[in-house]
Amino acid sequence: MIQQTLCLIKPDATQRNLIGKILSHLEEAGLTIKALKKVQLNQEQAEGFYAEHQGKEFFAPLVEFMISAPIVAVVLEGENAISHYRELMGATNPEQRKAGTIRALYAISGRENSVHGSDSEQSAKREIAYFFTPNEIL
């Protein structure tokens, strides 16, 4: 099934000029870029995007990290794009990352893990709509 999912290239990766490498990794794996924009989130935007985590101990540090530098929001499309992209991303936990995944290659830590990806169809729809209007997705 053809799906769309959201990829965020996080501040740790944008600051280290890894945008092109990450996008190449995704395209070489068969995913198509349908929309892309570089964004500097403010506190309110970051809190809104991660609202489901409000009240958790990692919420405030995550928001601080996500507003520390620009991010790149990308809509990816492909066969089973959500699960395919999550496999390409690799695990959040550094000890569980498989070699060759984006996080194994580029992540600095559990929080500074270079990329975010939608975890379900419902999340993908909500997250894509957070960053893109329908006419921006080509």
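Glycine too: its Cβ is placed from the backbone N, Cα and C atoms.
Per Swiss-Prot, ATP is bound by LYS10, PHE58, ARG86, THR92, ASN113; the candidate from ARG103, ARG126 named for the same site is ARG103.
The CA atom of PHE58 (ATP binding site) is located 15 Å away from the CA atom of HIS116 (active site, pros-phosphohistidine intermediate). All protein chains considered, the CB of PHE58 (ATP binding site) has 12 other CB atoms within 10 Å. Taking only the Cα positions, the spacing between ARG103 (ATP binding site) and HIS116 (active site, pros-phosphohistidine intermediate) is 10 angstrom.
The Cβ of ARG86 (ATP binding site) lies under 8 Å from the Cβ of GLY117, ASP119, each on the same chain and at least six residues away in sequence.
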